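*Asks:* So TrEMBL says this about it:
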| type | residues | note |
| --- | --- | --- |
| DNA_BIND | 29-72 | DNA-binding region |
| COMPBIAS | 318-331 | compositional bias 'Low complexity' |
| DOMAIN | 27-71 | domain 'Homeobox' |
| DOMAIN | 74-275 | domain 'TLC' |
| REGION | 285-331 | region 'Disordered' |
| TRANSMEM | 79-97 | transmembrane segment |
| TRANSMEM | 123-142 | transmembrane segment |
| TRANSMEM | 206-226 | transmembrane segment |
| TRANSMEM | 246-267 | transmembrane segment |
Amino acid sequence: RFIAKPCALGHKVQANGPQKAQPNAILEKVFTAITKHPDVKRLEGLSKQLDWDVRSIQHWFRQRRNQEKPSTLTKFCESMWRFTFYLYIFTYGVRFLKKTPWLWNTRQCWNGYPYQPLMPDLHYYYIVELSFYWSLMFSQFIDIKRKDFGIMFTHHIVTVTLITFSYVTNLTRVGTLTLCLHDAADVVLEAAKMANYCKCQKLSDLLFLTFAIVFIVSRLGIYPLWILNTTLFELYEALGNFPALWVFNVLLVILQILHCFWSYLIIKAAYKAISKGKVAKDDRSDIESSSDEEETVPRSKTLHSTITTNGTGGSNGTNGYLTGGTCSEEH
């Protein structure tokens with residue numbers, strides 16, 4: 001509020017949200033009490049009741065849904081907050097780990113286990129990370145629902161469980177390595193988002209491609225060769241078999257599966273960026289375009305022009321920073 005917002009306005013980030021739908025008591029009642037996505041039968045009924053054509057009613061519902069979406073300014077402020085946190089915690093993690101013996105030799109993670117002292121710096125690192133991921137998990141329910149809601153929720157559950165489980169079982173040394181490794185790519189991602197919201201396209205493209213490289217190298221290369229190697233093999237060699245070992249490794253492997261899924265999406269986006277000369281628009285865009293629904297409307301019902309019914313003309317209801325392509329309602 002006091003730092004990110006002035007910074008955003010200084011970079012001319014758009015403060016207004018999507019275009020608001022014109023007031024209509026009947027449509028508002030249907031939207032709030034019945035459905036936000038009326039089917040063809042209900043659209044036809046509303047068309048007869050209001051003497052509006054079906055396309056105009058669809059356009060109203062689309063604008064009304066977009067009206068609840070965050071503005072570019074809100075999203076910039078959120079990204080700046082996350083960028084600040086990730087930068088701070090990653091820097092803290094690197095400064096802490098460079099003084100530890102297990103950064104350079106992962107077998108040191110198991111020396112003296114389970115009687116390893118819990119250092120104050122390590123305790124602070126864990127508590128701050130756990131607090132942040134709890135906040136992400138809860139905020140998902142009040143934010144705009146995205147296409148990857150399920151997989152992100154799974155990621156947060158696995159992360160919170162891993163942090164808590166490793167803390168309880170004193171597997172914190174390898175936990176600090178895992179946390180620091182994961183924060184590296186997130187710093188660049190949030191910076192790329194901020195550049196995109198500021199309409200610095202070249203900088204955004206460069207940061208996104210940097211993020212793609214850092215993400216793939218760290219999570220498909222370093223993570224399995226460094227983290228999974230020590231938890232699957234070195235831990236077993238040092239301490240033998242015990243129940244916590246298998247629970248811990250199952251959670252880490254689930255995390256790796258999620259890494260593979262996201263890497264596929266990132267590679268796909270990076271390929272589009274290289275082939276088209278710029279980063280393609282995020283498929284999870286939260287502003288709906290007009291082409292998705294209107295193609296499903298029976299042409300016989302579009303008797304009046306949009307201009308004569310609601311004065312919106314050919315506007316697609318976007319807030320001016322997303323163009324081209326169709327956007328899903330599920331952000």
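Cβ atoms are placed via backbone N, Cα and C, with glycine included.
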*Asks:* Write out how many residues of the domain 'Homeobox' (27-71) are helix, how many strand and how many coil, based on DSSP.
*Replies:* 32 helix, 0 strand, 13 coil
*Asks:* Any residues 6+ beyond the ends of the transmembrane segment (123-142) with a Cβ under 8 Å from its own?
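*Replies:* Sequence-distant neighbours of the transmembrane segment (123-142): 85, 89, 92-93, 96, 149, 152-153, 156-157, 159-160, 163-164, 167, 172, 175-176, 179.
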